[in-house]
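Trainee: What follows is a structure written as structure tokens; I'll ask about it next.
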Amino acid sequence: MSIRPILIHPDPRLKKLCQPIESVSTDIGKLAEDMLETMYDAPGVGLAAPQVGVLKRLFVMDCVKEEGESPRPMALINPEIIATSDEVNTYEEGCLSIPEHYAEVTRPKRVTLRWLGLDGKTHEEEFDGLWATCAQHELDHLNGKLFIDHLGTIKRSMITRKMQKLKRDKARG
Ligand SMILES: [Zn+2]
């Protein structure tokens, strides 16, 4: 396993529609393991393949937050939302590709997802609360959408300008 560098917004690769994965190969297994390691190291609760520069439909997440509860590392291949609740939830979201910026985003409170697991089988599960928010945030990444795209234009461009500056400062060292 190895930690992969996380792309920082703005980056054209974060705006692309990602392609479905045709088979659960050992390369995909390795990618998922690297992504989980990268996510835990960051630390974060979710990470999508385009954030490490791979334009494929895969994300990982683990929203277990309680001390003493065992982690639940999940890798979801070709995930689809098959149902959403009418009830919504507002969370202050952040993103490993947009460090140190947070904003409230309202999304359905519960979502049912169908995906292909690393075991090659189709899974289906309903997620609630933080898990549901995280799953929707990560799925957005696979469609080239960031959480700031849910915000108003002014807030979005303000964050983008700050990120551009951060990247320029970093490049200068
Ligand atoms: Zn994100």
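Glycine residues also receive a Cβ, built from the backbone N, Cα and C atoms like all the rest.
Marked as active site by TrEMBL: E138. Positions annotated as Fe cation binding site by TrEMBL: C95, H137, H141.
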Trainee: With a radius of 8 angstroms around the mean position of the C-beta atoms of C95, H137, H141, what other residues of the same chain does the Fe cation site pick up?
Mentor: G46, A48, Q51, E93, L96, S97, E138, D140, L146, F147
Trainee: What count of other C-beta atoms do you get within 10 angstroms of the C-beta of H141 (Fe cation binding site), across all chains shown?
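Mentor: The Cβ of H141 (Fe cation binding site) has 23 Cβ neighbours within 10 Å.
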